[in-house]
């Protein structure tokens, strides 16, 4: 047991068990890296606030990945290509649940998508998706969609910010695998060269490997269960730092152990002494690094915080090296260095001895020369950084290739637009707020570097003319111009109407004259001889009838002889009178019939209407104007025709009845006259023919019978004639009065139509003045104002725009801004925040003055990253320098020496960045370093560089020389070999990052390698000169 304890056997057993447990408990690193790959910005940044708003936007966008699908062909897409692409898109829509798609926006969905999602050169189509995060990892979604969108005849890509970030993580994971293998091989080779033994390298790699596996398992489990800071770079820098400084510490420890063995010390004593002296240096050095990386935990930026994982690794490394190495030392002893058998003492570095000794002789001169060289080199550093994370990905990666296609055939910002969110405390779907939103949209569109901007009022990226006052005024002006033209023609037509009304008045006057003539004719029929004849006829008819009855009675009594002479004369006279009356009655009936026919003729208004129609057609009147004019004309003509028709109806009825009665009476009287003439003839013939008395008696008897029927009817007819003629006369008189009224009305209308024409001309003139004013207003900037009618607010088209650009509660809206430059470049990033500030100023003093205005999207994220990184870098650097400075005060037991050391490290840092810029510009063609390079270069150079300073200063304290200058020369000569070897190993380890293909890792490696090379030169010069001046003054050394 004592031997076990003495040989540290329990240490090896314990660490093997710990390593085994660490391996078994190691989480899925790839998945963990992808889950924490996205940079987390502070809660008060615009990007974080915008993301919060977006998550509250709607179910379609909450907790989703934004993905872009690209369909591309070198030449223009053919009809068949478009049909196949459309079918692919249709399949995605039909299987949205299968692919986890919450929202899809395709090129043929609406007018806006046809304009914005199809390239102008007709080679590329773009589809935008929101895929639920719960559907799977972004890597799985990417793989699934790549298979789903494969389309014959075209190239397809799946891209977007989330896809690109995932591919970046995958690239780093692949780079880490290469780095680990190269680092192990390189370290093994260097250690073999340094110690000329294969065993020491294996022991060193084993101890460092155990520390890495253990610490990495601790870190990843802390990430998994405690949300410990983690990023894409955590693992790779843990590998580099632990293998780098772990090997350095092992070299320091093994070299001291070898030195002790060379001095003849026993294994146990050599081990103990090495642990005491070299171990103390390792503890001091490691503690400084531990403090430096632990200080990063105070950073606000997640990617800076993620470097604290290295501090965990350093802590475990120190523990492993100082507990596990003694087992190999005690167990193997001198066999560790097989096949070497001769152990020499401390070897001196000629280079460091030369630099230190010359600096000690002329410290001021060397400081001046150093200052003159380093100052310009430091000043040449531009600090222009590239924040485009897509540059970290190879152009051959499908997502990057798809992004490049989009940038080439669309606006460069099309694949990753920016989103300006406006969140108010009230709904925004009203005319007042929409006017403000539209004005802001137009400001954004007019901004430099903006390709286009779309919003709820401008969903197509350009203003909707119908919603602007100038367009609305132009429509009014066009209508007024047409109205003017119509009124001009109406004025001409009104003149023609006046002419037509004059014709109407003339026609109605003619009617009146005709009715008056008819009245006079009837009056003449009812006066003078006609009246006398009717009166005689009325009084004579009873007498005729009485005579006939008397004759019949006498003949019946007379027997065979009758004196017929007197009777014959009377009958002849009566017959003649009866025929005359009959003829007169018939003639009167015919006259009345002709009058009835003439009275049925109507007033001809067709000519007036036809004239109006011609005028109306030429005037081009609106429907409303036509209705007004036709109603007026119809009313006038309707009144005329109604009055005339009524009078015509009454007159015609009366004339018809009277004419019929007269003609019937006339026919009866004519028949009676004929009968009387026949009797008279018969009587005349019978004056000598008494034999025919019986015949005469029979005829007279028949006459008497007929007379009893006809003569009373004739008398009744004459009575009706007299009465009817009076009625006719009265009706015609009324018609004449009505016609006079019509004539008067027509004349009044004729007098008023010129006034109507003048009124139309005045209205036309007024419209002309109004049209001129409105046209001028429409052309002025004052009318270039948004106005949305209430009716349009309820339209289906606008509701669709609201659903796309407003949140579900309509209290938040977004304006999509697409830059014409790379959205990941510094130019677009800076512009995104400028536009956000512009929006806040534009809404100040309005109803939206208290609204929350934030910018989201790739450009804003990069600007937030830049601002956060810059401020937090400075803050973290100060904390780190203070922490390391305090550790150096303890180590060096000096106040000034920590400043000397840190100053040297900072000079080496800035010179390395300057050299790095020049190298990548000359050999890679890039004008800027990646944005992470300065930070990681700083923490690596400061934290690792301080190691070598501590190595030197610890050895300085151990020196026995009398002067500070001599002690520095001696310490530099001895420690120079260790430092140079350590720098070579650390530099080589960082060089293993270059094959990764990740720009940030390559540039950090270059900076660290250059910085280490500069430190190897600067430390013996600067530190020796400063220590010499500080403690010995400026007197020259003799040797």
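Glycine is treated like the rest: Cβ placed from N, Cα and C.
TrEMBL: automatically predicted annotations, no manual curation.
Checking the ranges 310-332, 333-355, 356-378 against TrEMBL, the transmembrane segment annotation falls on 310-332. Among the ranges 824-848, 974-998, the stretch that TrEMBL annotates as transmembrane segment is 974-998. As annotated in TrEMBL, transmembrane segment covers the listed stretch 235-254 rather than the other ranges in 235-254, 255-274, 395-414, 415-434. Range annotated as transmembrane segment by TrEMBL, chosen from 790-807, 898-915: 898-915. Between the listed ranges 121-143, 144-166, 282-304, TrEMBL ties the annotation transmembrane segment to 282-304. Distant neighbours of the transmembrane segment (179-195): 201-202, 204-205, 236, 239-240, 243, 247, 251, 254, 258, 337, 340, 981, 984-985, 988-989, 991-993, 995-996, 1001; these residues of the same chain sit at least 6 beyond its ends, with a Cβ under 8 Å from one of its Cβ atoms. When Cβ-Cβ distances below 8 Å are used as the criterion, the transmembrane segment (935-954) is approached by residues 233, 237, 240-241, 244-245, 248, 252, 280-281, 284-285, 288-289, 292-293, 296, 304, 307, 869, 873, 876-877, 880-881, 884, 888, 891-892, 897, 901-902, 904-906, 908-909, 912-913, 916, 971-972, 975, 978-979, 982-983, 986, 990, 1000, 1003-1004, 1007-1008, 1011-1012, 1015-1016, 1019, 1023 of the same chain, each at least six residues removed from its ends.
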